[in-house]
């Protein structure tokens, strides 16, 4: 009996949760009391734990249960991306968590691991290869992925976000390896709440959702638009410090009108034309209701890359009942307004002194124009209708040019074209990055009017204040906070946005201003209000540094 109990104790390794360990304990005790062997001598796997569900003796046509209550081991720990440290596990950790022999003998620090992977990434000449390598890293070692992204944000942002994410979405069916979020299709109509409960995390604070109809400037990519929510949420963590476990990417698949995808044998979505009208509205309403029921009043739902006709309607319909935010309408507007406010220090005057011309009136353009008009009203006290009349002309003497369409191939013009056309007078910013350009002996550094400046910090401010609704004044606060981060040194280089290398500091300041406005408007639920909101924001931020395991 003592020997039996020793082996029994060894099986109940500390990696198991309390309830799981209790269930396993009762099962083993029952078997021992009945005189049964723990080892199945007839199993095809010699020396293995008993084949409880008959997988080893079942024929190929017989159904088997695909999971069992298993004995946790170091092997399991190494395949858990949230806790895996690879060869950074210490000697003590290797002994305590049954990792001996499962790793090579060397112990490398997280910093050395980071250096090794950056060296590997720089060997790839094709951006999509870098994207796939980063996604593989995220799936096997979460903390190392975010450490890499935070420490090398200017180099890796174009890899995990625009422009490379656009190509990844176009080829998502071919490069698809492992699901990274929830897929909700028309097949799940009537049981969306059950689908949400399949997601393992319960404390979700941010959801980024798309229906894939208007992915960047690439059009209808259907179910393959999942790359956008995944990419956006990786930035929520890296740039805004929101915990990875609190982030949930979702794609709603109602079909696609993209003939190329419908005829692609590797397409991963529904092979039907898009549902519209009542069928579409009912699915979205069920989704919004289920999210609120499952995650509560304070989960932030960010609409991403919906077509114009749905984007404005969804935002209008749910802004009074849910905590919703449309990045294409409101996020783009906020980051562009921040650039305008910063540019006024170079252009002179107030917003109301200038005229603005937009090429197109889609989600981004309309949202930007409306937020500019709101800021004018705030500054001058004039009715918003009067301010709207000023948003259609352009000052051709010192133009501010914002080529916002993504990815880079879809930009309205390049930095080189803007500087050359204006003979070096233009202040230029774009949605995707452009290389520096020399004109008439002066080097111009194109700015990046990237939503990544706004939404991570905005989301953190909403979360840390416990806001229950998004108010337009919170967007204005985010714009003003971002503009305040632009210094004289930045202006000398022609920049109207600060460098991304300071993004976590920038996000903390944005979060503080957004939270302060939420408290001021009576929309915050986390009381009392912290005295130093910037410091509080920094303390709330997720750190990707490896933890020590006992």
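The backbone N, Cα and C atoms fix where each Cβ goes, glycine too.
What TrEMBL says about this protein:
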type	residues	note
DOMAIN	138-319	domain 'Malic enzyme N-terminal'
ACT_SITE	161	active site, proton donor
BINDING	214, 406, 450	(S)-malate binding site
ACT_SITE	232	active site, proton acceptor
BINDING	304, 305, 328	divalent metal cation binding site
DOMAIN	329-519	domain 'Malic enzyme NAD-binding'
Counting other CB atoms within 10 Å of each candidate's CB, the least crowded of the recorded positions 214, 232 is 214
Looking only at the recorded positions 161, 214, 232, 406, 450, residue 305 (divalent metal cation binding site) has its closest CA neighbour at 214
Neighbours of residue 232 (active site, proton acceptor) among recorded positions 161, 214, 328, 406 (C-alpha cutoff 10 angstroms), in sequence order, are 161
Other C-beta atoms within 10 angstroms of the C-beta of residue 304 (divalent metal cation binding site) total 29
Min neighbour Cβ count (10 Å) across binding-site residues 406, 450 flags 406
Whole-Å Cα distance, residue 406 ((S)-malate binding site) to residue 328 (divalent metal cation binding site), is 11
With neighbours defined as other CB atoms within 10 A, the best-packed of the binding-site residues 305, 328 is 305
For residue 161 (active site, proton donor), the number of neighbouring Cβ atoms whose distance to its own Cβ is within 10 Å equals 26
Near divalent metal cation: residues not in 304, 305, 328 with Cβ within 8 Å of the site Cβ centroid are 210, 214, 215, 228, 303, 306, 311, 326, 327, 363
Whole-Å Cα distance, residue 450 ((S)-malate binding site) to residue 328 (divalent metal cation binding site), is 11
